[in-house]
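Quick look at what TrEMBL lists:
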| type | residues | note |
| --- | --- | --- |
| TRANSMEM | B:6-26 | transmembrane segment |
| TRANSMEM | B:38-58 | transmembrane segment |
| TRANSMEM | B:64-87 | transmembrane segment |
| TRANSMEM | B:94-112 | transmembrane segment |
| TRANSMEM | B:151-168 | transmembrane segment |
| TRANSMEM | B:198-217 | transmembrane segment |
| TRANSMEM | B:278-296 | transmembrane segment |
């Protein structure tokens, strides 16, 4: 077989494969639910009900989507420039560490000053963390996939050290957790009484901001050009190395905001289980969104709904909640194939 | 105990060889894939799946070598999926690999929960036992370190010889290397680049899974969720460190394992106890990055690595 580009893909050509990919992911999950002794319809029903079936469930989904929007944006902006940042997990924790350090009383500032200061410092930490692999890539040609992956392990061990050493809460009953943030360092709730904090709004704002950067600025144009063809971009006189480094700073900063938002908005302190792999799930989110910033919001909501729903389903029906991870991973693989098939047709030799 | 004493003890080198074994299996697997032109980032997930598949097969009653075979077959199936998406369809090997790792890991955890719903700690199996090779293991000094290992460790070293022989001494190996250097030349010879690359990814993934199974069937006797713990990514660094050559990659794995065995022992020394243990645990990952940086100037990377081949496209 070989692939042949389609000059003018029809509407059906552009819509059917992605739809089939999502359907395929549900099919995979159905078979697995059957194997675990669950009725697929009951399983999906319980997932939907658990994700959006009540005010509590809906708020939980929005809360879960918040860090995923940030990490999804971080991955999307990097992948668009073909900078393979798989280290959003570490960058998230970098933001979280900064929040736990600066938010516990060292800066006696009012919230209006303190929160932006923490957020910007968190972004800086995440940005610098990705700058290292980006520099290794541009200077020495070291593949950033492996270095960012390895940095995830290194940074998590560093956080573990901090939580058992310098950052350990003396009131924590021996648990490795940081001291609670002061009230001034907490992101307030959007509506009093509803368990949803301003981190969610910040995530939406970041998505719109990135969309504007992508669509309306020189940097956005350069990032896409470098991603599509670095050689051509270089030939056209673009500072390719500089663009890659700027992309890295942007991506690392966005991922760090996930850590800031989780600690400041949701948890109030730093623990080693702050993120159940939000950095990695961000890859799925970004790919499902076709790397579009606004698509990231939709994909993050979808992914969060599946995770929150699967947790509730698992408690009710006993089918392991890992079914959500399988569904998303298979959706990712089938979606990249589907996108290819919207532009190419398979020809038999 | 000082460093010199540690480095000259047979127990230390025995541990280093044991730690190196799973890395050698998986590194050989990755090396085969990359020599054919495919970066397989599914390695981490394939190792997790292999560790579980081999262990659960033995737990269900298969003999130990049966467990190894089940792990190998599991790896081949996952490799076939990677190959299908990345070779004929030519999809981004980065995305396919990470996706496969996510898929294989979550499938493994799901299966674990379905098969063993009510266990708080995973059951144990009777793992491979050390098999001293008569004569060789009695050589004073390093004899007992190298030749009092489990059969699966001997298999790991045999695999290095096999991979080196096939790659450099057979027409098949030439075809695999050519597919990674100059696929157009392979196609011009009337061979199918797709078939060669698919085969390499499938077989290589099988060996990655056996590397995972080494952990559950030989190094330990049970399966834990965070067992593989980034070893797959380390193996990718080892392939680069070994300049895509089986023998060098094996030496890299042993060197690396020696550092790992050393850090475990240094933790228990009076000075080591003063250093946070996390710093010791970081060493393997830091060393991997260091290895990548040191080797970066020596460009011996297969020319067509990560370059999809679409016949008829020029």
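Even glycines carry a Cβ here, placed using N, Cα and C.
Caution: TrEMBL annotation is automatic and unverified by curators.
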### Message
Contact between the transmembrane segment (B:278-296) and the transmembrane segment (B:94-112) is defined here as three or more C-beta pairs under 8 Å separated by at least 6 residues; is that satisfied?
### Response
no
### Summary
With the greatest number of Cβ pairs under 8 Å to the transmembrane segment (B:64-87), the stretch among B:6-26, B:38-58, B:151-168, B:198-217, B:278-296 is B:198-217
### Message
Quick check: do the transmembrane segment (B:151-168) and the transmembrane segment (B:6-26) share at least 3 Cβ pairs under 8 Å, counting only pairs 6+ apart in sequence?
### Response
yes
### Query
With the transmembrane segment (B:38-58) as the reference, which stretch in B:6-26, B:198-217, B:278-296 has the largest tally of C-beta pairs below 8 Å?
B:198-217
#### Entry: Outside the transmembrane segment (B:6-26), six or more residues from its ends: residues with CB under 8 Å to it
43, 47, 141-142, 144-146, 148-150, 152-153, 156-157, 159-160, 207-208, 210-212, 214-215, 218-219, 231-232, 234-235, 238, 249-250, 253-254, 256-258, 260-262, 264-266
